[in-house]
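Quick one: the structure is below, and I'll ask about it shortly.
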Amino acid sequence: MTENHDAIVTDAKSEGSGGCPVAHDRALHPTQGGGNRQWWPERLNLKILAKNPAVANPLDEDFDYAEAFKALDLAAVKRDIAEVLTTSQDWWPADFGNYGPLMIRMAWHSAGTYRISDGRGGAGAGQQRFAPLNSWPDNGNLDKARRLLWPVKKKYGQSISWADLLILTGNVALETMGFKTFGFGGGRADVWEAEEDVYWGPETTWLDDRRYTGDRELENPLGAVQMGLIYVNPEGPNGNPDPIAAARDIRETFRRMAMNDEETVALIAGGHTFGKTHGAGPADHVGADPEAASLEEQGLGWRSTYGTGKGADAITSGLEVTWTSTPTQWSNGFFKNLFEYEYELEQSPAGAHQWVAKNAPEIIPDAHDPSKKHRPRMLTTDLSLRFDPIYEPISRRFYENPEEFADAFARAWYKLTHRDMGPKSLYLGPEVPEETLLWQDPLPEREGELIDDADIAILKTKLLESGLSVSQLVTTAWASASTFRASDKRGGANGARIRLAPQRGWEVNDPDQLAQVLRTLENVQQEFNASSGAKKVSLADLIVLGGAAGVEKAAKEAGFEIQVPFTPGRVDATEEHTDVESFEALEPTADGFRNYLGKGNRLPAEYLLLDKANLLNLSAPEMTVLVGGLRVLGANHQQSQLGVFTKTPGVLTNDFFVNLLDMGTTWKATSEDQTTFEGRDAATGEVKWAGSRADLVFGSNSELRALAEVYASDDAKEKFVKDFVAAWHKVMDADRFDLV
């Protein structure tokens, strides 16, 4: 985190800044974007359910990145990276003759967009190459870091993704400057388009702040204090140089990135052991960001007219701070300078608030002139580590115990750069550590032999004879599996964590009913395992199998014999290996598939349904067929009748779509906030149905209505069942990485 923010561009709508995508004074050509979203900016954007399509991928259909990475000589790649780090280029000279600190910042900012609330952001897809991240003020001049790495990427081609290369380079930078890293796991496959499914904030101006309410309460799911920053403003909240106030921002933003206080101190101090910030002159010398720069800049941005515009004249954050006397060598120098000097406020050459050591010797080297020395300097957010009553004792302990600090930084850096990769089983390469960490949501080894087809048939019968209804079986399986997030590959049915805190107490899961269902399922499990010899069934498998049995029964009653695919092999997680606080972030505040809408949601239910479908990696047709099927199967929260547009609940029919599209029904809101509606017979006025926004949207939105019409057609009854089963199976197996 060696360069914290950028004071260059202040208006995302200004000419040349690549800001607001809507041209308010004219219609856009289709090649410019806009289109329907310009005319109706609040319409549902179903394109987020079709991201990274195969047609956008230039690689061969049979290309397997994991296999390509496994064949890579990682040591050779690291040697080539190391050579880049100490080979200064005239077009962007290296500070202190070493690009290592720049590359640490690049890797940090690639990973540091991750947030726990929805699992989005992070380094997993190499999104730093694309807008908006490539042009965020906080990522100023990281375009040069990536361009410096092009010779390495060019040499190894598709054997190493940009996503992996950015993080690996951060590790190599640390290692070549004397630090022992905790490890590295590859496996981050690149994508080929910018993400449109991440909400970065409500602001339309760089570095604006409209994301707080009340007593500085940061809007969910955001993880930064201002638009275009990774975490906090290094000058202090909204530029106010108050270390105590800044500490509050630091604690909240780092918490939202899954870091505790000790990890936060280690990361800030460790990152600021290296390199410097850049604020040689006024920000008005700096040009457009990469996305807005002219064609001839070839993807580079922030061209500066201040002096040479580079090296000693570089401007990025507007701050001019070097923290230690050995900025290209691992040391405890950050804490030494933090505690051994008193600091007074000053302004950088660019006019930014920073702190300089009082009456201190000039012990800090100049980045480009070996004859010059400087006094130690700190950012407002650095001083937070000394003056905040929680951070201070941690910082002092690290100062007095350098080995403990080094271990804490190594582990925190590893967590930072791998948090969004999912389970450890997905990590690739020879440098993956043996140690499994709690934040990786570990699962135990499977006990006993797998059940076979005969056992599966027996268990299905027992489940259907257990007294549990189709609704209960289906709802429990959905509640377990639908915790999965494709964003950071957390959650899912494997582990059966639905039986553990915090999931067993989540409001969306109807805790009382869930407890009853789990008791029954555990009885079936225990009875089977006691009489099955070496073969054992996990509760995780049994929950999913119960859902399959329920769906098959409902389909049969609709007149269709179908088998729901089921592959055993899930295991049951333990409380010891479940971080309750970490899993609290996965609690749904809404689940349109169960017609659940919790309190305090900013967006209407239909938007939240789309967001949930996106996190489950569903397409628009899959979302549509699942909603229609779950409604008639009675899978609603608290057995609500909202959206149950059928006279035969528990039977897998296409009634939801047939009755929603019936022109003999008129709809009217029944709540002031227009969250619930009733459908009346147009002729008699009799109330026929009740629905939510997550139901009526399938008749209201033109694209979703087109999908609903497919499933409402007379010839679609069997197709509906088959498509529902396929989409259901996809969700149930979303976290079965062992099957890929």
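Just so it is clear, glycine is given a Cβ too, placed from its N, Cα and C backbone atoms.
Reproduced below are the annotations present in Swiss-Prot:
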- 1-14: compositional bias 'Basic and acidic residues' (COMPBIAS)
- 1-21: region 'Disordered' (REGION)
- Arg105: site 'Transition state stabilizer' (SITE)
- His109: active site, proton acceptor (ACT_SITE)
- His272: heme b binding site (BINDING)
Which one of these recorded positions, His109, His272, has the sparsest Cβ neighbourhood, judged by other Cβ atoms within 10 angstroms?
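His109, out of the recorded positions His109, His272, has the fewest neighbouring Cβ atoms within 10 Å.
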May I ask for the distance between the residue listed as 'active site, proton acceptor' and His272 (heme b binding site), taken between their Cα atoms and rounded to an integer number of Å?
14
Give the number of CB atoms, excluding that of Arg105 (site 'Transition state stabilizer') itself, located within 10 Å of its CB.
29
Would you mind reading off the Cα separation of His272 (heme b binding site) from Arg105 (site 'Transition state stabilizer'), to the nearest angstrom?
10
